[in-house]
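> What Swiss-Prot shows for this protein is this:
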| type | residues | note |
| --- | --- | --- |
| DOMAIN | 1-141 | domain 'RNase H type-1' |
| BINDING | ASP9, ASP133 | Mg(2+) 2 binding site |
| BINDING | ASP9, GLU47, ASP69 | Mg(2+) 1 binding site |
Amino acid sequence: MKLVEIFTDGSCLGNPGKGGIGIVLRYNGHEKQVSKGYLQTTNNRMELRAVIEALAMLKEPCQVQLNSDSQYMKDGITKWIFSWKKNNWKTANGKPVKNKELWIALDQEIQRHKIEWTWVKGHSGHRENEICDELAKAGANNPTLEDIGYNAD
């Protein structure tokens, strides 16, 4: 299996508001950077979407070192999702899981890969996280895409 390093970040100008994702993907000494902007969304949706988009870029199953400053995303996919699926996508207190369709998409993307999840402290000088932050902000400042599934309720 190829070893791929992925760094992601999501940004939102206002919450909700215009949002963006930033991705740095590194394989075999090569680095690819991605920035996309969304017209109306939330910060958590952007954190999730960044990881989904990054994993979708991989053409074959890989060993992935995935780095994100989103504790929400990391805890959701490594801890909470198992209970959510058992409880028909309800939280521990019986409420519907927010961003359900993105969690389902992320759960589908991770099935192909062997992933090591790492939380990175945001805004702390971590090179790739800072790059992702800039890419996400650039996307949020120039949004062109609709965040399908976003519901303001």
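Glycine is treated like the rest: Cβ placed from N, Cα and C.
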> For the binding-site residues listed here (ASP9, ASP133), which one has the lowest count of neighbouring CB atoms within 10 Å of its own CB?
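Output over binding-site residues ASP9, ASP133: least Cβ neighbours within 10 Å is ASP133.
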> In terms of DSSP three-state secondary structure, what is the assignment for ASP9 (Mg(2+) 2 binding site)?
strand
> Please report the three-state DSSP label of ASP69 (Mg(2+) 1 binding site).
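SS state of ASP69 (Mg(2+) 1 binding site) = coil.
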> Rounded to the nearest Å, what's the C-alpha distance separating ASP9 (Mg(2+) 2 binding site) and GLU47 (Mg(2+) 1 binding site)? Just drop the number here, would you?
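GLU47 (Mg(2+) 1 binding site) has its Cα 6 Å from the Cα of ASP9 (Mg(2+) 2 binding site).
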> Distance check, please: Cα of GLU47 (Mg(2+) 1 binding site) against Cα of ASP133 (Mg(2+) 2 binding site), rounded to an integer number of angstrom.
11
> Excluding ASP9, GLU47, ASP69 themselves, which residues in that chain have a Cβ inside 8 Å of the centre of the Cβ atoms defining the Mg(2+) 1 site?
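Going along the sequence, the neighbours appear as THR8, GLY10, SER11, MET46, ALA50, SER68, SER70, MET73, GLY122, ASN129, CYS132, ASP133, ALA136.
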